[in-house]
Amino acid sequence: MQFNNYHISELKIRECLESEFQCNNGQCIPQEDTCYDSGNAEQGCADGSHLIHCRNWECPSNLHKCLYGNCISKYLVCNGQVDCWDSWNDEIGCPFKCSSEVRCECRDVMINCTNIGLEALPTNIEKEISKYIFSGNQFGPILDAKMFKLLDGVILLDLSNNSILAIPPE
């Protein structure tokens, strides 16, 4: 049998087993691959139809449910790459690098540099950051007010448990 335009009609589509899902193209895949996007093109339906109608699908506990449907491996959550192509919810609220100080943890609009021995503010903090937690460091005893001019749109500034005695006005 040749696989070209003239003989493709000779291919027979078999009925899927009860333990299988039938793709729109007639392909049969294991039922557990329904609504699961492994990122591997060879797993699931070649036409992607196993990822359609997944909105109300319940993912197994070892998988992450994308907002509008399909399931992905939990190892793909917060990996710096969008794997939930319909919602990006696998990367929302994840820690990221938001300053030159790699020991600080960043989430959303907050930088948390608690108890890491800082003596001054980290440099190159992203402009979107508006909540700053510098508790338990070694700031002080007298802080230069100019150091805070670099911080735009401050909503929260936690300097507790430092050795600060004063922040003189400019």
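Count begins at 1; order follows the chain as displayed.
Cβ atoms are placed via backbone N, Cα and C, with glycine included.
Those TrEMBL annotations? Automatic predictions, nothing curated.
Per TrEMBL, the residue from Cys59, Cys66, Cys78 that shares a disulphide bond with Cys71 is Cys59.
For Cys28, the disulfide partner recorded in TrEMBL among Cys16, Cys45, Cys54 is Cys16. For Cys66, the disulfide partner recorded in TrEMBL among Cys45, Cys84, Cys94 is Cys84. Using CA atoms as reference points, the disulfide-bonded residues Cys16, Cys28, Cys59 were checked against Cys66 (disulfide bond), and the closest is Cys59. A 10 Å radius around the C-alpha of Cys59 (disulfide bond) takes in none of the disulfide-bonded residues listed as Cys16, Cys28, Cys84. Under a cutoff of 8 A between CB atoms, and with a sequence separation of 6+ in the same chain, the neighbours of Cys28 (disulfide bond) are Arg14, Cys16, Leu17, Glu20, Phe21, Gln22.
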